[in-house]
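Undergrad: Below is one structure. I have some questions about it.
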Amino acid sequence: MEFSTKALDWAKAGPSGALAAKSDCLVIGLFESQTLAGAAKALDVATKGLVGRLVKLGDFEGKRGTSLLLHEVAGVGAARVLLVGLGKEAEFTDRAYAEAVRTALRALSGTKAANVTWTLTQQPARDKDAAWAVLTAVTLIREAGYRFIERHPELKSKRDKSGGGLRKVMLTVDAADAKAAAVAAARGAAIANGMELTRDLGNLPSNICTPTYLANTARQIAKDFKLKVEVLGRKQIEALKMGAFLAVTKGSQEPPQFIVLRYEGGPAKQAPVVLVGKGITFDTGGISLKPGEGMDEMKFDMCGAASVLGTLRAVAEMGLKLNVIAVVPTCENMPSGIATKPGDVVTSMSGQTIEILNTDAEGRLILCDALTYVERFRPAAVIDVATLTGAVIIALGHINTGVYARSDALANALLAAGKQSLDTGWRMPLDEEYQELLKSNFADMGNIGGRPAASVTAACFLARFTEKYDWAHLDIAGTAWKSGAAKGATGRPVPLLTRFLMDRAG
């Protein structure tokens, strides 16, 4: 999909101007008001009052979530005109803007329109600028246009031939915003590319997306963007004494991998931001076996790994001026005659011992060794990303990512990035009292703390391995993928993480 930006002055958009431009569809937003402005007013003038008549008749009132598709409108070069309701102007928030974009895309999906002029970017949400409107439009349009099977046709012998979808989108902006809009469009495309990589990795079946596949993906990113990559195998992992990580790998024949991918866009002496992604490419639960129903979705248990690789790809494409390192411990969690058993005690890389009370609480075991490993980078901040607990879904559903952090500054920066990118999070507690639930009679700690506050105790477990740097934990179990008819990876939290890094880079 190709995006471009163009400065348009709708006051000068007569029959020989912008309205005369040829396209498959001209998309125009209309507020819930009798007053017309911008592209809507220009259209009304060019069509001798058509828009005003539609409003007066009640055929289109500009209400949120509504649209009206017009064909072969006299005085307009586009084959179609799509009017999109924006609701009340005073209530045109960032969420209302996103709803308008999605409303337009739903209407367009029922047409063969491929080349579109998109004017909604000249109506940014309240308290947002044109750059935000452009970046958000690009990411939402690309997100809606994602088709996994079209990207991986080898997985189906027979496919429906859609033959449709947007191909070219021209985003209109005011002249004063033209330069910022062009940059924003490029950044939106980079974020969309990162999200699509993340979604591809999550959606691939686990017999294809193995730990080795993830390692090769990191190598390809490094090759494409001239980054540094290192992949450690089992012997190197053993030499580092990552006993917790190795305990999870024991039941599988797939070799574990420990991936370190470096983007060096900042000064050499600048402390890096480290992103650590949980990479369980398939999670049976191990000896603490999961129920069979829905187990196929456990291929998504590596979405933390996928999201940090997708984020690093986006950062590299944008060329942000900061240093970022992605670290991915990746393996399968399988039962076998030599798999780790409930009650086994292992020694982590940190030297702390762990009683493995439940082998299905494996994500924290591979992460804790990775969190110890990253101390060597003397990081400015470490953010781990994991589909860690079902309990966070009970707490937050599928809307907000769970955000845990000791530092208010880091937590607030992540929450602000989530709000700005429409990839929202909600801060969860890390009170010291929760640590009591992790006590063990036979080791320094257990790997679970029981059902109460289970997402919190999982984060508290990780906190024990992060004392030497500023740290945050994102539990994406509720936001990384969807079930049911819309089953598939979402690409979250790539927008949140990328915006956080954009804000940090300045």
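Heads up, the Cβ atoms here are built off N, Cα and C, so glycines get one too.
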Undergrad: Besides Asp360, Glu362, which of Asp283, Asp444, Asp470 does Swiss-Prot list for that Mn(2+) 1 site?
TA: Asp283
Undergrad: Of the residues Asp296, Asp301, Asp369, only one is listed by Swiss-Prot in the Mn(2+) 2 site with Lys278, Asp283, Glu362. Which is it?
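TA: The one candidate that Swiss-Prot places in that Mn(2+) 2 site: Asp301.
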Undergrad: Could you round the CA separation between Asp360 (Mn(2+) 1 binding site) and Lys278 (Mn(2+) 2 binding site) to a whole angstrom and send it over?
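TA: If we compare the Cα positions of Asp360 (Mn(2+) 1 binding site) and Lys278 (Mn(2+) 2 binding site), the gap is 14 Å.
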Undergrad: Can you check what DSSP calls Asp360 (Mn(2+) 1 binding site), collapsed to helix, strand or coil?
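TA: Assignment for Asp360 (Mn(2+) 1 binding site) reads coil.
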Undergrad: Out of the recorded positions listed (Lys278, Asp283, Lys290, Asp301), which are within 10 Å of Arg364 (active site), Cα to Cα?
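TA: So far as Cα distances go, the recorded positions lying within 10 Å of Arg364 (active site) are Lys278.
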Undergrad: Hey, for the Mn(2+) 1 site built from Asp283, Asp360, Glu362, who else sits with CB inside 8 A of the CB center?
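TA: Same chain, not in Asp283, Asp360, Glu362, Cβ within 8 Å: Val248, Ile280, Thr284, Gly285, Gly286, Ser288, Lys290, Met298, Asp301, Asn333, Thr359, Ala361, Gly363.
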Undergrad: Could you tell me the C-alpha distance between Asp283 (Mn(2+) 2 binding site) and Lys290 (active site) in angstrom, no decimals?
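TA: Just about 8 Å between their Cα atoms.
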Undergrad: Around the Cβ of Arg364 (active site), how many other Cβ atoms lie within 10 Å? Please give the count over every shown protein chain.
TA: 27
Undergrad: Using a 10 Å cut-off on CB atoms, tell me which of the binding-site residues Asp283, Glu362 is the least crowded.
TA: Asp283
